[in-house]
Amino acid sequence: MGYKHKDLIGTRELSKEEILYFLEAAKEFKELNLSQVKKNDYLRGKTTINAFYENSTRTRTSFEIAAKRLGADTINFSSSNSSVTKGESLNDTMNNMAAMRTDIIVLRHPSSGAAKFAADRTEASVVNAGDGTNEHPSQALLDLFTLREHGKILDKNLNVAIIGDIARSRVARSDIWAMKKFGINLKLFAPRMMMPKDAEVFESQICKNMEEACEGSDVIIMLRIQLERGGADVAFPSSREYSKFFGLNKNRIKLAKPDAIVLHPGPINRGVELNSDVADGTHSVILNQVENGVAIRMAILNTLAKNRG
């Protein structure tokens with residue numbers, strides 16, 4: 001089974017089979033990225049636009065590299081240098097992009113639901129590169145790809161801890177929805193004000209402290225405080241205090257399984273949610289995540305382009 005839809009909006013709507021399709025498809029592109037000539041012409045004659053209404057380093061650059069390695073014509077759109085500053089609506093911006101016969105729009109927007117809104121109103125294919133606190137599907141797919149690459153079997157015997165500002169994290173939501181499709185055992189831990197009020201919808205274990213979250217985990221996914229989404233308004237005394245109770249350090253990682261791996265979607269706040277001795281240590285696969293992001297995004301763009309014919 002492949003993926004036959006026009007857009008990629010979130011992992012909540014994906015089936016287990018569709019997720020596996022993307023993970024398998026990305027293998028070909030990972031091999032290409034490791035070769036001397038990192039390019040093919042699968043998207044020759046296609047146009048992609050990276051429309052980012054929020055700042056981004058890894059995601060925007062990754063999608064740009066992915067499109068160019070597939071041979072597409074790629075344009076980067078920044079809302080701060082566009083007619084958005086003159087009051088143009090998202091709907092009008094998307095329609096104007098589509099009117100230029102754009103094939104794929106990669107959209108990041110501060111409003112939850114923006115990607116679905118845009119996809120329903122444009123003929124171009126839309127990839128959700130993060131919409132508010134809602135979802136970030138390509139990050140979840142690259143996380144699962146990274147888990148498999150490091151020998152983790154995606155089933156009920158896999159213990160994954162997600163720790164940090166879960167309430168404001170679109171990465172956490174996409175990871176959770178994707179991992180639930182495989183029956184993965186999820187443990188969640190966050191400061192009380194950073195745990196979603198409706199956390200029970202995730203049907204996951206809610207941990208009381210870092211030690212419980214780390215104990216016996218195969219995978220630990222650390223999340224930063226989402227300062228730009230109100231995380232700065234949550235009361236905690238200092239970065240040092242946060243690190244003391246909610247940070248991952250070399251002592252806490254010892255509670256996890258010996259072959260446990262540590263993930264982080266970036267950017268890292270070193271000394272806050274993650275100490276440098278862990279971020280740069282043997283358990284960390286953070287840079288591997290970044291590397292795998294290109295392959296996953298190549299698989300996404302190639303699939304949506306093929307679906308368009």
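The backbone N, Cα and C atoms fix where each Cβ goes, and this holds for glycine too.
Computed from a predicted structure; not experimentally measured.
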According to Swiss-Prot, which candidate in Arg108, Arg168, Arg240 joins Arg58, Thr59, His136, Gln139, Gly266, Pro267 at the carbamoyl phosphate site:
Arg108
Which of Arg58, His136 (the binding-site residues) has the most other Cβ atoms within 10 Å?
His136
Counting other CB atoms within 10 A of each CB, which of the binding-site residues Thr59, Gln139 comes out lowest?
Thr59
Span of the carbamoyl phosphate site, taken as the largest CA to CA distance across Arg58, Thr59, Arg108, His136, Gln139, Gly266, Pro267 (Å, rounded to a whole number):
16
If you skip the near sequence neighbours and keep only those at least six away, which residues in the chain come within under 8 angstroms of Arg170 (L-aspartate binding site), Cβ to Cβ?
Gly130, Asp131, Gly132, Thr133, Asn134, Glu135, His136
Quick one: which residues besides Arg58, Thr59, Arg108, His136, Gln139, Gly266, Pro267 have a Cβ within 8 Å of the carbamoyl phosphate site's Cβ centroid, in sequence order?
Ser56, Thr57, Ala129, Gly130, Val171, Pro265
Listed binding-site residues are Arg58, Thr59, Gln139, Gly266, Pro267; which of them have CA atoms within 10 A of the CA of Arg224 (L-aspartate binding site)?
Gly266, Pro267
CB neighbours of Arg224 (L-aspartate binding site) within 10 A?
20
